[in-house]
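Trainee: The structure follows.
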Amino acid sequence: MENAGAARDGDGAPKHYPGKMTVFVFIACLVASSGGLIFGYDIGISGGVTSMDPFLSRFFPSVYAKEKEVVETNQYCKFDSEPLTLFTSSLYLAALIASLFASVITRKFGRKMTMLGGGFIFLIGAVLNGAAADVAMLIIGRILLGIGVGFSNQAVPLYLSEMAPARMRGMLNISFQLMITVGILFANLINYFTDKINGGWGWRVSLGLAAVPAVIMTVGSILLPDTPNSLLSRGKENEARTMLRRIRGTEDIGPEYEDLVAASEATKAIENPWRTLLERRYRPQLVMSVLIPTLQQLTGINVVMFYAPVLFKTIGFGGTASLMSAVITGLVNMFATFVSIATVDRLGRRKLFIQGGIQMIIAQFVLGTLIAVKFGTAGVANISQGYAIVVVVCICVFVSAFAWSWGPLGWLVPSEIFPLEIRSAAQSVVVVFNMAFTFFIAQIFLMMLCRLKFGLFFFFGAMELIMTAFVFFFLPETKGIPIEEMDRIWGEHWYWSRFVGAGRNRVMQMASTV
């Protein structure tokens with residue numbers, strides 16, 4: 001498969017890089033994307049164990065007592081507990097802080113070393129959680145898991161975008177999101193079966209098995225090659241040239257290698273990439289690195305995926321039924337991601353963003369109405385099996401829309417729009433805002449559900465309306481455009497051109513591989 005990657009000659013005419021999609025690149029990207037497993041597994045496992053009675057009775061007895069009250073108890077407020085939300089959200093606060101340190105490691109030691117460190121730290125956290133004797137031990141384990149997530153989320157998207165040819169960048173980068181969905185699905189399946197273990201220790205199995213994706217990521221990182229970009233930025237010219245030949249499947253790498261060298265020199269000339277990121281010419285990238293991850297979390301997806309079992313239990317499902325419903329949403333999430341993989345490099349990013357946004361808006365408002373009709377503001381109701389099935393279908397429609405739009409594209413688009421000199425710093429901004437709003441939503445969701453009741457779903461629906469409009473007006477299409485030319489799209493945009501100038505007439509001073 002020929003690579004459509006191109007850079008600009010001095011006269012503005014495009015020059016095309018020879019090369020193809022190689023088996024080596026495909027395998028390397030598949031292994032690297034396993035970093036998504038640890039993130040996804042944790043998302044899925046947290047909501048599951050917090051709906052298990054033995055776990056709640058041991059660590060959060062007040063929540064357990066509330067849950068066992070008669071059905072007339074306000075269903076919206078049964079799980080409103082600060083210690084319980086701290087258990088869930090502490091991971092994301094730790095990931096936020098860790099990503100800032102990961103930026104320095106990624107730049108100085110490479111993407112590979114950052115992923116390796118993240119996998120190893122996550123492994124320690126998994127062991128602590130599985131062996132937890134009290135809430136403090138649980139939260140310390142969660143913090144270590146968060147550090148691992150922060151490292152992997154900082155490095156993996158960059159690695160995938162730098163290894164992939166431009167024509168296949170969307171598909172290969174979305175493999176990270178696919179692994180997240182696989183992790184969520186396996187976590188939901190594990191929760192479903194461990195909840196049935198006699199003796200009440202199934203939650204230990206659920207939490208401890210997080211060590212499996214951690215081992216996969218750690219061992220995989222040891223075996224992975226580093227990207228040509230990273231090798232050059234660390235002064236390893238010969239290794240970078242050899243690696244570029246290998247990943248492009250051709251000896252004719254002269255033009256692309258020269259652009260890589262130019263990009264590397266530009267990067268070395270910058271002492272403080274954080275300060276550089278704040279320059280006016282990088283305003284579009286800075287705005288996208290802040291708003292895309294922020295808006296991704298304001299879709300309300302984590303309300304569904306973190307607390308799917310809790311949410312289903314809240315609206316009247318039994319314990320086992322709620323876990324089974326979470327498995328169903330996990331399956332929908334995974335299979336819908338394949339839709340994005342198959343279409344993102346053909347239809348483009350904008351179409352998926354907008355279509356998915358419209359579908360999520362409709363699903364949220366319908367879901368809010370369904371819950372409002374049954375529970376009202378009192379939060380007291382019994383729902384029939386048929387009504388519950390309609391609720392599950394509505395949630396699946398929402399999850400599928402997220403899985404082929406804001407889920408994968410929220411990681412893909414930021415990772416492909418940054419020039420090399422600010423790439424590590426900018427990706428840290430992406431992770432910081434993603435984790436900050438994940439933490440924020442996880443921390444206040446149960447409180448918001450208790451106070452806003454069914455209005456919470458209308459709130460997220462309104463957010464999805466805003467973010468869909470934002471994409472329509474402010475996000476240019478990045479499909480098939482090499483990172484070397486990415487600043488051209490800002491220069492040609494009706495709004496962003498005022499910050500970066502007329503990109504069509506600009507001479508590119510730096511480039512990167514993708």
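Every residue, even glycine, has its Cβ placed from backbone N, Cα and C.
According to TrEMBL, the record shows the following:
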DOMAIN    28-479  domain 'Major facilitator superfamily (MFS) profile'
TRANSMEM  21-41  transmembrane segment
TRANSMEM  84-106  transmembrane segment
TRANSMEM  113-133  transmembrane segment
TRANSMEM  172-193  transmembrane segment
TRANSMEM  205-224  transmembrane segment
TRANSMEM  286-308  transmembrane segment
TRANSMEM  320-344  transmembrane segment
TRANSMEM  356-375  transmembrane segment
TRANSMEM  387-413  transmembrane segment
TRANSMEM  425-448  transmembrane segment
TRANSMEM  454-475  transmembrane segment
Trainee: Decide whether the stretches the transmembrane segment (425-448) and the transmembrane segment (84-106) have at least 3 CB pairs under 8 angstroms, with pairs required to be 6 or more apart in sequence.
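Mentor: These two stretches do touch.
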Trainee: So, does the transmembrane segment (320-344) come close enough to the transmembrane segment (172-193) to give 3+ Cβ pairs below 8 Å, pairs being at least 6 apart in sequence?
Mentor: yes
Trainee: Suppose I define contact as three or more CB-CB distances under 8 A, residues 6 or more apart in sequence; do the transmembrane segment (320-344) and the transmembrane segment (387-413) meet it?
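Mentor: They are in contact.
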Trainee: Counting Cβ pairs closer than 8 Å, which of 84-106, 205-224, 356-375, 387-413, 454-475 has the most of them with the transmembrane segment (113-133)?
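Mentor: Between the candidates 84-106, 205-224, 356-375, 387-413, 454-475, the best contact partner of the transmembrane segment (113-133) is 205-224.
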Trainee: Sort out the residues at least 6 away from either end of the transmembrane segment (205-224), same chain, that have Cβ-Cβ distances under 8 Å to it, and list them.
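Mentor: For the transmembrane segment (205-224), the list is 28, 31-32, 34-35, 37-38, 41-42, 45, 48-49, 52, 112-113, 115-116, 118-120, 122-123, 125-127, 129-132, 141, 145, 148, 152, 159, 183, 187, 190-191, 194, 197.
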